[in-house]
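Report on the structure given below.
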């Protein structure tokens, strides 16, 4: 029997309601006696950045069941994808032995581990010797374990001497990092998921929480159900399922959200809803050029964003601007939540700053339920990459490449000679693949990510990956990943709970995934692979003197010690016993930190500090309200391409479907990509629901089935990117935010016609 998406979503909604009412999660159903696990092994869900705790049921050495961990923050709940992880783990579609392509255009064929590692080491070593260390690169992932990203970062920055270390968090979270750092001086949210249970107003902007973070959405919905007076404002050009529980849905014109938030600030100040007691003591003001200003300067700046003017720009009712501002400011505790709709923009950092501005001008921050909280898309983008410094401009624990003091600290911690870490940042993601296409980067390791599917302007990327001098190594579990078409060497990793390691989720919580089952075939833990590769490539053996992932974790704890990321107290033994700990956690008896920057709660704030709040990432302890200009997108619609095109998520799939595509229930529910079209736009072009249409941009054209509905606002079309047969990222431009270098997936110009 075929399953329609509508039926599937009905089933999901019904199941979610039952699960929420009963306290049970997906996957906690009764099991047949002959399939009952002999043991349950603790871990973390392999999908989004919510970081739900799971228990994997094992019998006869095989994973047979999964359920939510009742002791973790998700309280035993899992989303549908998480509840169906076991078929992914047990899939027969796995890379189980090393594969080599002996010449460009040839086929991948089996090779021994010894030959594979020797080939890999010799190619990297010879490239470094002939062309210098910047001819090699690592492209990692927010799906790698913390220990894997740490070892790779150490090998490349400390061993090879190149900062060409980047990864897919550049595509999703770099603007959030830039926003936190420029506003507060340090990355990562100050609150936790527990704030959801205390908030009385939710400002959700650029996030389809219901489909991208379903467990958190259920928690928000439950909060509204328990206390109906809680206000939910959803600002999104699409009328998503998230918006359907909102008290107010602001469907602004794409790219005008910065003006909308400035206008909210205008209302707050002009109606005296701001909190002078807070901002006078804890905030500095900076103008558009980054020069010091003051409250009066900010107030004058906002005169350009009066609600009546901005309502016309955004094409929303002016009452929504006033209503959203009042609800935000007058609430006892307001929590903002955002994701890719804010981050994946050429104004992504500025947009993040403006959310923080609203919290700072109202004092809606650093209290239970009052926080600005960026949602994360991958299970370890925060812990392994952001905290671990595995991007081209970063070093571990909040250190930065351009900072000489930080470089010296890491050289000492890693036992390196002075000056070993290069002072210039390496290539960010888009520039890295451009360098590959020019032949400047010769050798690259791509680990647990699928850039030949996910990067923008893919035709350009595919050409770069086909460079005749390139040598691309993929550490990849699934053979249908598009990137393997461009790989010269493929190494099979142990996947998820086939090895042990730590994931760090969006609320600063680090949780241990324990090994539950053995990997198939010749698959190996990636930590072991990287250590052996480094030794064969001539890296000092003492630099990678790790026997296992626990050795790596203990070194990483030491590197964090004494920093504002301090998690020295998170021993492996504690992580085995507890269901996650939230940093800072500087000692083994420390419970973890729910509220950062608060005296008496954050161990990084001195106990005798005279102020209640101390934003210690800034020299004077004050956060910053920025007067960021509300600029447009890199590519706006015009007469030739009159529509906005944006990317979107579907609840059934995650990223490039290399995992969800292995689950029949998920694949049947949404087997192919499509384009969402508003009813007005469809009527104007003669397109009906189900018609085959051509979506075209300045980069490429693609044939897709049309879904005609009221989800997109008029003038906007949307496509999901999960389908490997429809690589829709060929359509998007690769313009990047000038601060974060995150690409603009959310806005470009397009046109559509019947095929």
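Just so you know, glycine gets a Cβ as well, placed from its N, Cα and C.
Note that this is a predicted model, so its numbers are computed, not measured.
Record check: Swiss-Prot places 648, 649, 650, 651, 652, 653 at the substrate site, and the matching candidate among 613, 614, 721, 732 is 721. Cα proximity to residue 656 (Mo-bis(molybdopterin guanine dinucleotide) binding site) (within 10 Å) is found for none of the binding-site residues 52, 79, 648, 649, 650. DSSP gives residue 651 (Mo-bis(molybdopterin guanine dinucleotide) binding site) a coil state; it is part of no helix or strand. Across the domain '4Fe-4S Mo/W bis-MGD-type' (38-93), DSSP assigns 9 helix, 20 strand, 27 coil. In the predicted structure, the domain '4Fe-4S Mo/W bis-MGD-type' (38-93) carries a mean pLDDT of 97.
Using the Cβ center of 45, 48, 52, 79 for [4Fe-4S] cluster, the list of other same-chain residues with Cβ within 8 Å runs, in sequence order, 47, 50, 51, 74, 78, 81, 82, 213, 214, 215. Across the residues annotated as binding substrate (648, 649, 650, 651, 652, 653, 721), the two Cα atoms farthest apart lie 12 Å from each other. On its own chain, residue 237 (Mo-bis(molybdopterin guanine dinucleotide) binding site) has 251, 252, 253, 254, 644, 646, 712, 713, 716 as residues at least 6 apart in sequence with a Cβ closer than 8 Å to its own Cβ. For the pair residue 653 (substrate binding site) and residue 79 ([4Fe-4S] cluster binding site), the Cα-Cα distance reads 12 Å. With residue 649 (substrate binding site) as the anchor, the candidate binding-site residues are 45, 52, 81, 340, and the one with the nearest CA is 340. Counting every protein chain shown, the number of other Cβ atoms lying within 10 Å of the Cβ of residue 52 ([4Fe-4S] cluster binding site) is 29.
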